[in-house]
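Chemist: The following block contains the structure, expressed as structure tokens.
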Amino acid sequence: MKSGSGGGSPTSLWGLVFLSAALSLWPTSGEICGPGIDIRNDYQQLKRLENCTVIEGFLHILLISKAEDYRSYRFPKLTVITEYLLLFRVAGLESLGDLFPNLTVIRGWKLFYNYALVIFEMTNLKDIGLYNLRNITRGAIRIEKNADLCYLSTIDWSLILDAVSNNYIVGNKPPKECGDLCPGTLEEKPMCEKTTINNEYNYRCWTTNRCQKMCPSVCGKRACTENNECCHPECLGSCHTPDDNTTCVACRHYYYKGVCVPACPPGTYRFEGWRCVDRDFCANIPNAESSDSDGFVIHDGECMQECPSGFIRNSTQSMYCIPCEGPCPKVCGDEEKKTKTIDSVTSAQMLQGCTILKGNLLINIRRGNNIASELENFMGLIEVVTGYVKIRHSHALVSLSFLKNLRLILGEEQLEGNYSFYVLDNQNLQQLWDWNHRNLTVRSGKMYFAFNPKLCVSEIYRMEEVTGTKGRQSKGDINTRNNGERASCESDVLRFTSTTTWKNRIIITWHRYRPPDYRDLISFTVYYKEAPFKNVTEYDGQDACGSNSWNMVDVDLPPNKEGEPGILLHGLKPWTQYAVYVKAVTLTMVENDHIRGAKSEILYIRTNASVPSIPLDVLSASNSSSQLIVKWNPPTLPNGNLSYYIVRWQRQPQDGYLFRHNYCSKDKIPIRKYADGTIDVEEVTENPKTEVCGGDKGPCCACPKTEAEKQAEKEEAEYRKVFENFLHNSIFVPRPERRRRDVLQVANTTMSSRSRNTTVADTYNITDPEEFETEYPFFESRVDNKERTVISNLRPFTLYRIDIHSCNHEAEKLGCSASNFVFARTMPAEGADDIPGPVTWEPRPENSIFLKWPEPENPNGLILMYEIKYGSQVEDQRECVSRQEYRKYGGAKLNRLNPGNYTARIQATSLSGNGSWTDPVFFYVPAKTTYENFMHLIIALPVAILLIVGGLVIMLYVFHRKRNNSRLGNGVLYASVNPEYFSAADVYVPDEWEVAREKITMNRELGQGSFGMVYEGVAKGVVKDEPETRVAIKTVNEAASMRERIEFLNEASVMKEFNCHHVVRLLGVVSQGQPTLVIMELMTRGDLKSYLRSLRPEVENNLVLIPPSLSKMIQMAGEIADGMAYLNANKFVHRDLAARNCMVAEDFTVKIGDFGMTRDIYETDYYRKGGKGLLPVRWMSPESLKDGVFTTHSDVWSFGVVLWEIATLAEQPYQGLSNEQVLRFVMEGGLLDKPDNCPDMLFELMRMCWQYNPKMRPSFLEIIGSIKDEMEPSFQEVSFYYSEENKPPEPEELEMELELEPENMESVPLDPSASSASLPLPERHSGHKAENGPGVLVLRASFDERQPYAHMNGGRANERALPLPQSSTC
């Protein structure tokens, strides 16, 4: 892969060459740019694209952190990118359509990790917008982590790519938040064409004003012009003239001298995968990516940078390649610095792939972990060293086997003394090479060995013989005293006497070793390792720092001196070959005499076979109504020679739960999905012999993941690493590896015995409810030498379980593996849901008829319902008949038919969909006689009188009951004008709030509201003395019904009555025309719940904001209480007070939100009780949960929960409890716990709001009065509490009202000292009256005083009326 560069050197090199050729090879309107363009850090680098028609290479646009207006940058000439397009972290770019309006083809000749289009972390990108992009000829797309990117679900990528299975589109803006609209759909004049994606038939477009281009079906795979005329077959993407290969926008195969051709003409060569060039052109291209200056080569009709694998240049003067003899040589070396010093793994990396080292090799590795395997990886291909080899002070080396291919040391340059192989002072070196498998020649020079205490002299002498240097060295060149003095160099051979194997254990014994002095033998060490091939040596993978590929076990000497030592090796893998050898541990030197050692030859032994592991990645797809295609991968551990697979399948019974539903109810039709084609059907079915027969015929289950999905999961972590390494100008902190999804759970028993079922009686009856409990038999087949099969003769649209077992050569004795299984459903059969027989009818009394029909004999799964379409000549009516009703009556009755001629047709609906309509049946309903009408009148008149009298009695009873309830003190139910409670018959009438549509401008989306999208915009003249005002604009979804539009406007009408600083204001309404708009005060910081969560310290983007202090919490509480006090004063019960329904302004003021806006966004905060609407149970008071009573007292309870949300930064109340548990917990008197670090003052206020008796809770005015001293000074200027509207009545008036309405508990102040039936005025706290404000009740009762209304506390033990806390400075 080519690496990008921020500079211009490679681009300039290409540019010099291409500039002269561009005019002759492409239309004169532009030029060919290459070899790839990298634009980063500075948006002005985009000017490099100004004249580009084709980018021959890649295009990177990345790491531009400064947001700019890109509208001034437009590159209409660019039509083709030959490799890939990559965009990453470009701030401010909202669409690619303006940048590249005519980009038509991305060829994908070279890919960015399998992708031709990558859009990654583009934070401001709103749409892709490449409306002229017609083809991505190779590779997939990856669009990931673009938080604001929409219009992804409206693009049909299958029209652009040949295959979409490898596309990766994850982490972008959720489609339901996008509101994607294709051109014309809002005006109900759609301009775009429709296609089907994931079973959704919808319009396809790039943006709100650009459709996705589709060619007529007559063109097939050919491109087309803008006028939908078919292009020449050699054109790709588009063309200017039909059937003309000289006017193509891009070529399907190759471009040569203005013409698109299927192959390059003789004398020309393919270049960069898309055009033809001659030999002179290829010879003059500088190789910008090669370390030498040999230029490009010609091979197999293509002009390329380097010879392909297995080929080498014929000579340095030739442009042609010839096959290598063996591995292709790679010469390394520096003419100036002839000695290559290897002192670390890093320096060894420079020799990776080298086969010939021109110069000398000096190895000086003093330390390092796992050094041997690393050196072998980087130096293992070296065959020839032209100079000398010197190994000194390399204490980390045990062996030189890492130079596994070294065969020749030329010695053209030698050390002083004519040494060409020099080994000095290597304290742990024990082996040079395995001379049984090594041929090494030292052509010139001598060898020198000194101070290698563990290297036996015999090893050095053996090298003399193999390398042909014997006789060259003098006596002092190989020092026998300081080489091998610490090693057991003269070894006896230990011989194994017995071996016994199991599947995971080996027992070995060997002859007893007897040194001259038994005391010199200390113990034995057994070495063993996995050895797939019989080519291991004792020193493989060893270094002096402890790395060793061998496992070691110490064996003590047997107590009996005559006994044979042995060892049990356990924890081994089944059916695995192991290499084992034994070494005696002896004293190496006693009084300067060498002690003979002992070790065995390497023994190769294989463990026994065992049951295989389960097959992997079982997938199934259906290609017809009677077949399932099954594919899997071999087991990870065959534990033997894998011989065959057992495939077993079982039809699953229908889900009885489905049968209990009445599918005539709305939204009851289940998801219909069969096992769609997730694997290559042609590949599986190419051999009909793999089919197996026999079988039988259940509800949809989750489909198994496709191969593409699994591959995408595997590649994700690796892709991220490659991608982040590529962006070398940025610093990344890699995320922890994502865990792979667990494999399917399988049975924990092996299949040691099997019964083969070949036939089964078909007793299935769709009308029999017992079939829901049926246990169907398994069928079985053996599959040899393949990991796929086709199961035939299955029932249509039926669920099957398919088990796959692995079996190896020992299956007859050990059994097969446990199963891996998959569930799959066959496709529906055409016509299976049609009603087979004629529809008959019988007349019934009272203008009714009874229709009868037979059920489908073998439907697609379960019959859910029948639909009857009947009518006279005027209009058809429809009647739904549930399956249960049909089974009960054998048909359906049509009632209250008017006299006349009728036709009726019937259609069955199964799990897979609808059947065909039956042929019409004709019937006649006669008119009633006069006598019948008279009798009906006689019967109906008394019934009507009884119904009227009964209705009056019920009304009187309800009125009396309601009046008595109001006297019991259980709360007053105010008539609420909440927008959920209004008559749908109300019709909105424009008034002075109407705003002209042209005064409104929408800018950006804010979020989804109850009725539709909410936008930020600008309104002109809606606020006095402000020419323009930033506003929030609420809209209605285009699919909304008339009722919903009326609800939307009437909700706005409620807001017209409110004029309070702490309630979000309505600014205007646009009701004329479509869409309907409601203009609200803009609350830039969103809802209080989101705002509080953004203050959490762990939030990623919270770099400035800090959690609120106590004074800020009290300020929020006071502002919310002031807004609620205003609503209470206007006889409005909110019913849904919560942090999500409060809004935060630019100056951090908290206001009561416009009602209903957040109900969709926080849908999980609501709970549907029984068949009722959604209820916010976690914020509701006990009386509201029990009786559905909503009063200002219940709003106070909710206010206490809001205080708890403020203190916890918007945690969910009653965390850990389900909605049903919360409902019971609150009704039984449970309360929220005190939040961590919550000030006592705030928690006491919460507890006061959560008094079980509604009358014991303070009013909102009392709450404000208790904390008014803590509020900011501006609160007095803007609040309802201090306004003239809240001026309290005179004491005489209040006392008179109390005497006149003693049962009105709403007006009774909560005075703890009240103990008599008379209700005198409470005293003002400290005898003072608030300035510019009402008198305030401050509840400071002593707990020793008698508590009021103690009998009304719901029977809760030790319940006390908590006083409102005294405010204090934070």
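Using the three backbone atoms N, Cα and C, a Cβ is placed for every residue, glycine included.
When I checked Swiss-Prot for this same protein, it listed these features:
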- C33-C52: disulfide bond (DISULFID)
- N102: N-linked glycosylation site (CARBOHYD)
- N135: N-linked glycosylation site (CARBOHYD)
- C182-C205: disulfide bond (DISULFID)
- C192-C211: disulfide bond (DISULFID)
- C215-C224: disulfide bond (DISULFID)
- C219-C230: disulfide bond (DISULFID)
- C231-C239: disulfide bond (DISULFID)
- C235-C248: disulfide bond (DISULFID)
- N245: N-linked glycosylation site (CARBOHYD)
- C251-C260: disulfide bond (DISULFID)
- C264-C276: disulfide bond (DISULFID)
- C307-C321: disulfide bond (DISULFID)
- N314: N-linked glycosylation site (CARBOHYD)
- C324-C328: disulfide bond (DISULFID)
- N439: N-linked glycosylation site (CARBOHYD)
- C456-C489: disulfide bond (DISULFID)
- N535: N-linked glycosylation site (CARBOHYD)
- N608: N-linked glycosylation site (CARBOHYD)
- N641: N-linked glycosylation site (CARBOHYD)
- N748: N-linked glycosylation site (CARBOHYD)
- N757: N-linked glycosylation site (CARBOHYD)
- N765: N-linked glycosylation site (CARBOHYD)
- 835-928: domain 'Fibronectin type-III 3' (DOMAIN)
- N901: N-linked glycosylation site (CARBOHYD)
- 961-1370: topological domain 'Cytoplasmic' (TOPO_DOM)
- S1279: phosphoserine (MOD_RES)
- S1283: phosphoserine (MOD_RES)
Chemist: Give me the count of other Cβ atoms within 10 A of the Cβ belonging to N608 (N-linked glycosylation site).
Modeler: 18
Chemist: Check the Cα-Cα distances from C230 (disulfide bond) to the disulfide-bonded residues C211, C251, C264 and tell me which is shortest.
Modeler: C251
Chemist: Express the distance between the Cα positions of C219 (disulfide bond) and C231 (disulfide bond) as a whole number of Å.
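Modeler: C219 (disulfide bond) to C231 (disulfide bond), Cα-Cα distance: 8 Å.
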Chemist: Whole-number answer please: how many Å between the C-alpha atoms of N439 (N-linked glycosylation site) and C251 (disulfide bond)?
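Modeler: Counting only the Cα atoms, the answer is 56 Å.
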Chemist: Work through the recorded positions one by one (N102, C205, C224, N901) and name whichever has its CA nearest to the CA of S1279 (phosphoserine).
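Modeler: That would be C205, the closest of N102, C205, C224, N901 to S1279 (phosphoserine).
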Chemist: Restricting to the topological domain 'Cytoplasmic' (961-1370), report the mean pLDDT as a whole number.
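Modeler: The average pLDDT of the model in the topological domain 'Cytoplasmic' (961-1370) works out to 72.
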Chemist: Could you give the number of helix, strand and coil residues in the domain 'Fibronectin type-III 3' (835-928) as assigned by DSSP?
Modeler: 7 helix, 48 strand, 39 coil
Chemist: Take the C-alpha atoms of N314 (N-linked glycosylation site) and C321 (disulfide bond) and report the distance between them in angstrom, rounded.
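Modeler: Between the alpha carbons of N314 (N-linked glycosylation site) and C321 (disulfide bond) there are 5 Å.
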Chemist: Are any of N135, C215, C328, C489, S1283 (the recorded positions) within 10 Å of C235 (disulfide bond) when you go C-alpha to C-alpha, and if so which?
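Modeler: Taking N135, C215, C328, C489, S1283 one by one, none has a Cα falling within 10 Å of C235 (disulfide bond).
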Chemist: C264 (disulfide bond) to C307 (disulfide bond): how many Å between their Cα atoms?
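Modeler: Here the two Cα atoms are 20 Å apart.
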Chemist: Please report the three-state DSSP label of C219 (disulfide bond).
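Modeler: For C219 (disulfide bond) - judged by DSSP and reduced to three states - the answer is helix.
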Chemist: Once the chains shown are all counted, how many other Cβ atoms turn up within 10 Å of the Cβ of C328 (disulfide bond)?
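Modeler: I count 16 other Cβ atoms within 10 Å of it.
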Chemist: Going by C-alpha positions, which of the recorded positions (C33, N102, C182, C192, C211) is nearest N245 (N-linked glycosylation site)?
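Modeler: Considering only the listed recorded positions, the nearest one is N102.
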Chemist: Counting across all protein chains shown, how many other Cβ atoms sit within 10 Å of the Cβ of C52 (disulfide bond)?
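Modeler: Taking every protein chain into account, the count is 22.
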Chemist: For C33 (disulfide bond), which of the disulfide-bonded residues C205, C215, C231, C239, C456 has the nearest Cα in space?
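Modeler: Comparing Cα positions, the closest of these disulfide-bonded residues turns out to be C239.
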Chemist: Could you give the Cα-Cα distance between N535 (N-linked glycosylation site) and C260 (disulfide bond), in whole Å?
Modeler: 56
Chemist: How many Å separate the Cα atoms of C52 (disulfide bond) and N102 (N-linked glycosylation site)?
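Modeler: Their Cα atoms are separated by 12 Å.
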Chemist: So among the disulfide-bonded residues C235, C264, who's got the most Cβ atoms within 10 Å?
Modeler: C235
Chemist: May I ask which of the glycosylation sites N102, N135, N608 is closest to C224 (disulfide bond) if we compare their C-alpha atoms?
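Modeler: The smallest Cα gap between C224 (disulfide bond) and any of the glycosylation sites is with N135.
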Chemist: Using all protein chains shown, find which of the recorded positions N439, N641, S1283 scores highest when you count other CB atoms within 10 A of its CB.
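Modeler: Checking each of N439, N641, S1283, the winner is S1283.
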Chemist: Could you check which of the recorded positions C211, C307, C321, C489, S1283 is the closest Cα neighbour of C251 (disulfide bond)?
Modeler: C211
